[in-house]
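Read through the structure below, which is laid out as structure tokens, and then see the notes.
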Amino acid sequence: MSDPIETVMEAEPEAEAWFGLLDIVILVALAAFGVWWVLSNKKKQAEQAAAHKSYSLQPTSMTTQTTDNSFLKKLKTSGRSLVAFYGSQTGTGEEFAGRLAKEGIRYQLKGMVADPEEYDMEELVNLKDIPNSLAVFCLATYGEGDPTDNAMEFYEWLQNGDADLTGLNYAVFGLGNKTYEYYNEVAKYVDKRLEELGATRVYELGMGDDDANIEDDFITWKEGFWPAVCEYFGIETLGEDVSVRQYKLTEHSDIDPGRVYSGEVARLHSFVNQRPPFDAKNPFLANITVNRELHKTGDRHCMHIEFDIEGSKMRYDAGDHLALYPVNNAELVNKLGKLLDADLDTIITLTNTDEESSKKHPFPCPTSYRTALTYYLDISSNPRTHVLKELAEYTKNNKEQEMLRLMASTSPEGKALYQKWINQDNRNIIHILEDLPSCKPEIDHICELLPRLQCRYYSISSSPKLYSTKVHVTAVVVEYETPTKRINKGVATTWLREKKPEDPEKKLLVPVFIRKSQFRLPTRTQTPIIMIGPGTGLAPFRGFIQERSLAMDEGKPVGETILYFGCRKRSEDFLYEEELTGYEKKGALKLHLAFSRDQAKKVYVTHKLNENADEIWRVLGENNGHIYVCGDARSMAKDVHNIILKVVQEKGKMSEQEAIAYVKKMEAQKRYSTDVWS
């Protein structure tokens, strides 16, 4: 009988060999499975990645477009055929596009409004895939014939591309100002370029003049536009225009205060948690450290304001603009609330009834009526005709109702009455409700109708080489009596005037951002310059002079620095007199001064220019100098331009056409720059 232990020990080598083989088989199987799993998972991830990439980066063919920036998809899925694009700097172009899209329903063309910055404009190539499709462009011209910021990419695409737009139906309405040299330049170019690329113009180019009556220009253009559209597509109007609300109201009785907007431009709590970069949608809260009066006497006021931008990482150059978001006067807001019988502290949300629209709310929501009327809505401008049309629906007195309907119409009598009663008499929404007591609109509808309160732009009157963390602004306080004996006040300057930094511990914060400009000093300090800036047109030149004086202090060669400045009276409104005369004594500046009311016969800067033709030609013609004009576009800038043409022609011994070409070349070379307003 063998020993049990021995038996086990003898069997051990056999067992060891068997388990070793099994281990190998299992390990190989596990390894094979692991390799298969990893490879298949990688393949799946690659497929998902590829799918994700094709979702966000679409090919030029738009037939399978599925991204959020596809206006074509939105049109198709919602059964629309009209898309109204806008290029807008102040909101008017957007408003006009919205009115066209809304009116399209009446003509069997359901429409949508589109910001060209938010959509893939190459889709215009395939808009013809939608039956009876039409693209309308409401485009403003800004600066020296430039497109607005939101239309820049689209404009450059048209300039640089050669897309085939055959089959695209379009119409263009331009928003411009006849006092500017480049009147409606953008609209003219887009209208012409679309046709060159094969598109079909359904109706003639419309051109609005903001210096006259752009509302009248727009409704006059529409009078011909809609019939032309109906004829082109063979469609008929559906009858009377029906008022359709764009936003639905939600009133919040119980809401977390932390979710309610209190005046922020875009991001909730952005005024509490400030973080760069700062821009139009994310302004910096700058503290006012200086706010002093520049006028010595008289009943007019001009402010020198200094904004502290330290820690903002914002940079500026002399000639740039400071943009700020103003606040409506609390007294006017309360008055409007009383006229509307509204509780201004009610928290509301207005939500777009069009789910496809990229604009979900007319302003940041949820918020209170008080906040909306204080920070977000323009309650001081003259309402346009479509607002009057809606107000008529809330008016009980027949005479008052007919008056509103007449002003909202396109009849010659209606246009004339609108021009007189609204524009010339300068009535805002508050004045209208005061003068038509039977008109009692719902406050939420008023909040839907009023345009957004726009930021204000001011030429910066300092140089960053002297004030790297401060921005100086020079602003006249706007206040005037209307024909109805009311006192109208500028929204921004009235608000700023109250911000006097008397207590250093108390901060006076204003939401601001920097807007870059092409208004620039020559790169070489020895280049001579002529600056023409009457009144607050002096503002950017103060920064220019500071820089040239500093360059002189640093021993750099500095060319002639000549300033033409004008105001009413030397003893009253000679802005920065001590500074300017100080620079003159130092030899850093040559002054030509015009005080219009210090003598019997009025003298303006243009008179001084006419007296100095030899100097002007020496600087511009002989020494390739630069000329800068800042201020009123309506008359001063035009007069200056004509004087320069005359000097070039006479002193340069050129024909009229040669002189025009010479000045045009100066403008192209940025040797003739303007920063003007009307």
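Any Cβ shown, glycine's included, is placed from N, Cα and C.
Whatever TrEMBL says is automated annotation, not expert-curated.
Summarising the annotation, TrEMBL assigns transmembrane segment to 17-39.
If you look up TrEMBL, you'll see 88-93, 140-143, 175-184, D210 marked as FMN binding site.
Cβ environment of S596 (NADP(+) binding site): G566, C567, R568, K602, V603, Y604 lie under 8 Å away, each six or more residues apart in the same chain. Per TrEMBL, NADP(+) binding site is recorded for R300, T536, S596, R597, K602, V603, Y604, V605, T606, D639.
If you look up TrEMBL, you'll see R456, Y457, Y458, S459, T474, A475, V476, Y480, G490, V491, A492, T493, W677 marked as FAD binding site. Just so you know, the Cβ of G490 (FAD binding site) picks up 18 other Cβ atoms within 10 Å once every protein chain is counted.
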Please report the Cα separation of A140 (FMN binding site) and W677 (FAD binding site) in Å, rounded to an integer.
15
What's the number of neighbouring CB atoms sitting within 10 A of the CB on K602 (NADP(+) binding site)?
12
Say you check the Cα of A492 (FAD binding site) against those of the binding-site residues S88, N177, Y183, R300, T606; which is nearest?
R300
Cα-proximity to R300 (NADP(+) binding site), 10 Å cut-off, over binding-site residues S88, G143, N177, Y180, V476, G490:
V476
Among the binding-site residues Y183, Y458, Y604, W677, which residue has the largest number of other Cβ atoms within 10 Å of its own Cβ?
Y458
